[in-house]
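> Got these off TrEMBL a minute ago, pasting:
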DOMAIN    5-122  domain 'Response regulatory'
MOD_RES   D55  4-aspartylphosphate
DOMAIN    142-350  domain 'HD-GYP'
DOMAIN    540-589  domain 'PAS'
DOMAIN    592-643  domain 'PAC'
DOMAIN    720-772  domain 'PAC'
DOMAIN    803-936  domain 'GGDEF'
Amino acid sequence: MNRNTLLVVDDVEVNRAILRALFENNYNILEAENGEQALLLLNQYKDSIAALLLDIIMPVKNGYEVMSDMNRTRLLKNIPVIIITSEDTIESEVRAFDLGASDIVMKPFEPHVVKRRVQNAIELNLHREHLEELVELQSVKLRESRDVLMDALSSVVEHRSVESGQHILRIRMFTKILLENIMHSYPEYDLSERTINIIASASALHDIGKISIPDAILNKPGPLTAEEFSIMKTHSEKGCEILSGLDRMDDKEYLRYAYRICRYHHERWDGKGYPDGLKGDSIPICAQAVGIADAYDALTTDRVYKKAFSPAKAYTMILNGECGVFSPKLLECFKSSREKFVRLTHSYADGHSPKADLRKAPALPQFRQTEEQDTQQYGQMKYAAMLRCADSTVMEVDLSTGIYHLVYIASEDFEPLRSGGNYKEALKNFTEKSVHTEDQGIVAGSSDNYIHDFVENGLLKHTLKYRVLHRATGDYLWYEAVTLRINIQAPHSHRILIVWKRLESPPIQAAQSERSSGITEIQNLMVGILQCVNDRWFTIIDANQGFFNLSGYSRTDLNDELQGHYLNIIHPDDRAEVIARFHEKLLLGIPIELEYRILARDGRIIWILDKCQLSVSGDGKEYINCVLTDMTQVKQAQEDLRLTMERHQIILDQTNDIIFEWDIGSDMISYSSNWEKKFGYKPDSEGSLSRIPNASHLFPEDVPSFLALMESIRNGVPYRELEIRIANSAGHYVWCRVRATTQFDRNRNPIKAVGVILDIDAEKRKTQELTAKAERDALTGLYNKSTGRHKIQKLLEERGGSEQASMMIIDLDNFKQINDSYGHMFGDAVLTEISSQLQRLFRTGDVIVRIGGDEFLVYMCSFADDQVLHARAQRVVDAFHNVLKDELQDYHLSCSIGISCCPDDGSDYQTLFHACDQALYHAKQQGKDQYALYDRTVMSGGFIRNSDQLPAAGTRIESDDSLNLVTYSIIQQAFQVLYEARNQEAAINSILEMVGQKCNVSRVYIIEDTNDGTFCNNTFEWCNKGIKSEIANLQNVDYSKFMDGNCRYCDLFNENGVFFCPDVATLPPKLYNMFHKQGIHSLLQCAIRNDGRFTGYVGFDDCKDKRIWTQAQIDALIFISELLSTFLLKMRAQNRAVAMAENLQMVLDNQNSWIYVIDPDTYALKYINAKTYAIAPSARLGMPCYKAFFDRNTPCRICPVRDIRININQTMEVYNPVLKVWSMADASYIRWESQDACLLSCHDITPYKE
């Protein structure tokens, strides 16, 4: 599990920004501005969050409530919480620690102290998790040792009882199988894999008490006397006494289960067990499961007092209560586990299992719902069928095995059903003893027939009526015996229910003609009418002439070719659905309607609307009466419409953008499937306006802007656009552009917003990166002068009226001497180290600027009092004394600082800068190496320096002034060229020429990769005078030709995307030969990346000298290359967009529909596809559609475009008397060239009309 994310929760944006800047280089940062949003992100990213930095005082939910919820959901166990708050009372600290906080940091805080304390909390949590893993491993080893000892103890019992054999091993496996089924079927028992393993292991001790039973009783070959049985029953309590003596064992849970199993496994559901006579669920579930397993094993193995029964016989005996009454729920699980029980009975019979198995039971196949019918679902289906015949005698039968289960006996008249080893024997005994002699032939003769129908023909129901002996009076009562298939979805299933329900009066025999339902009287209707048996083939009993006309079959054909099976006429692809729908609805006794296809005799496919209902005739069989209507033409029209919509959807799916629709009234947003593909989770849809402010995946700073967009849509603004950040499943914020268009009802009230969410992350981050480079000083990484001034001015404008701020100018003393003595390179190192010191000394929210060679400016956003200001300034002075102290040796580095305060010394940038400058001048006059606060009475007048002026002579040293001026000139000119460019390719060539001339290189060029990255092409090139062009030779170049082994060309570039080689002769032979042919001596190449993928490079070659580039020059060329690559990628994207538009034009022109776009207000044509031009060649853009196509001077009275803004989509049939065609006109409201428009797609339906 990779925990690489910090969640920062604070309602103050500045605090989040400080913490973000502190940790963003080491962790991915997620942010939340209230407790509700924090909990949403915690649940989404719980596996990747390393720590939670939590404020206490917040809206919606405070920090205490967040920790309480984390305790409830057990998140606090794995995620350490560091409280960062200004609440410094003892009560708040105690409460935070009581709720589970790992540490508390008070505001204001020292950034690096916070960083260390957070890291400590994370490391402690990782160490704790490691210790827990070690403890768990040790526990597993201890449990394994315990199992060995318990098996050894259990073996003592086995060796005393000669019948037991491998009884203990089988009990363990049977118990585990049964409990796994119970766990999946009945969650209310709260079983888990761990609990099941403990119970299965503890079951080995269920008969441990038999060690105290005398051998004469334990191994007696015949039945026990009442006195002996009383002694035998004491083994449960004796076993508990033995287990109580093991209380020194550490595993108390194991002992608790072993005790319960040992004492209660002979208890029974009806309270007739021993030793305590417990009843129902008061018997522990572990003991109930072991009780069934023990009874089954006792029945299926040889004992001294009996021979083994077959598994089928054992099942029948247990299900019918011959071994005592067990829980109905457990019996259902027992039935579902039958195959596994039988398999293990044979595999682990006495003498067949290796001794190793006695120590540890083998791994059992997991209970899978795909292999066996889910027990609970199976039970629900069975009892749903039983409810149709309430208060009746019910017997469940498995026809494949003969096992039967008397689920419920409503009267003692049916007691004979209890006798018999299988259902046939039981039914035979019942017929002979209880059925009237006149009806016995009906029962015996028909039972085999209808059972055959159930097995072979897939019948769902069959009914017989006969008389049964009422034992109390000696009279015979009429009963209806209904046979039902339990799983109606599986016609090959052999499980049935037989339900006997008493009839209040003797049955009335129905006429056989009842079955025909009068079909012969409606032969000549146009619709098809037929009657089928409700079996697996829907065997046709009768049909009218309309059916034969519809299908093309004669009565003879129907029997000879289709065997009278209606299922064979139904299209093969629709058969499963038709069967499922029949079984789902018809059995409820309600009429249903189905749409499906049939195959006519001549091969035609005909769409049918089938209205059908189930009925039962006098012979006890179920019949389906159907009315069939041909709806092929309707379906064809629907299919044409579907294909049109699908074509439009395909066009939409060509983009990776996310389409959304917001229903303003219900506040529901629906998104296209691309959301889950893009962000990796399902979006929230309900209550958007209420949920987004408190809990969403939006970046907190973007929430107000997004809410403002939604509010403007609600107020009727037609179109809005916004850029926001959305967190993906990895916890990274992705920049997106949201475009939303409002839809209105008839009264111009906004009802919906439809829009698109575009991924602009790569583009946005590239722009931010370029902006950051333009804002920063190339040497130190601090803000440059213009950017610093802009940021400070903004902070001054936003400053609260009572808030104090300060400005410092820091100037190095005698820095020119260091430059002169050690050189500019060393001077650069000193300036770089000083900038690092300043960033450590000041807060993240403070603004640090390099305003000259050796001069810096710092703006402190706020400070508590002058004492803090004095202390901070002195720390700066002291820190400079230690900068590169060992390297400087004879020189003592120091600085002078001038300080001004806001609002005392001014409230605007220029005034504060002037005051700082005066204070700096005063510090220099007083002997340097010190700081001075501006004092108007002492420092006013004298030397005045404007903030835009250069500093006094001798105080500012640039590390490479000429290079910076050249770089600035190139960047300025490049931006100007790109801004004014009309021809994009000419603009790129112009920039290449300008860079080549300014930097005096031989060749500047751009190489672009093919889509698969295996080949490259030289697309742009500039050559200096006397340098041969290579662009023609560098087309479709295979990278593998000059790379060795598995090396790729992109591997030559470092982490900054630079490949610099001052001497190509040092390169591998293949690379050297390639560059040598081009006359290259040295080169510098900067990578072009698109979404992080290498797609080419910008190259700078020197064909005259082995050139050494300085780091500053390399940084400048990287910046220029990134500028070119950004522009180039944008140009390529535009070219692809143009190509896609051309492809879309071709797609539309090749559609077999008349497609055009019009203005919904003026009806003026905005677009016409090729087919429309072909039928109306006089039509022109700008011409009203009613003039172009109908030769009218006024709009058509009936038109699908009317009220299109309200209806959004509208379809109608339209006849054009000029063109003499019928068309199905589909109108859709769209945006065309940023304006409202209507797209019409007209399909020719003239053949259908004729």
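Cβ from N, Cα, C; glycine included.
Just so you know, TrEMBL annotations never went through curation; they're auto-generated.
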> Do you know the DSSP helix, strand and coil residue counts for the domain 'PAS' (540-589)?
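Helix (H, G, I), strand (E, B), coil: 35 helix, 6 strand, 9 coil.
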> What is the three-state DSSP composition of the domain 'Response regulatory' (5-122), stated as helix, strand and coil residue counts?
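Counting residues by DSSP class gives 53 helix, 25 strand, 40 coil.
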> From the DSSP assignment alone, can you count helix, strand and coil residues within the domain 'GGDEF' (803-936)?
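For the domain 'GGDEF' (803-936), the helix, strand and coil counts are 64 helix, 29 strand, 41 coil.
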> Over the domain 'Response regulatory' (5-122), what is the model's mean pLDDT?
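A mean pLDDT of 87 is what the model gives the domain 'Response regulatory' (5-122).
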> Can you give me the same-chain residues 6 or more apart in sequence from the residue listed as '4-aspartylphosphate' with a CB-CB distance under 8 Å?
V9, D10, D11, V12, N15, G63, I83, I84, T85
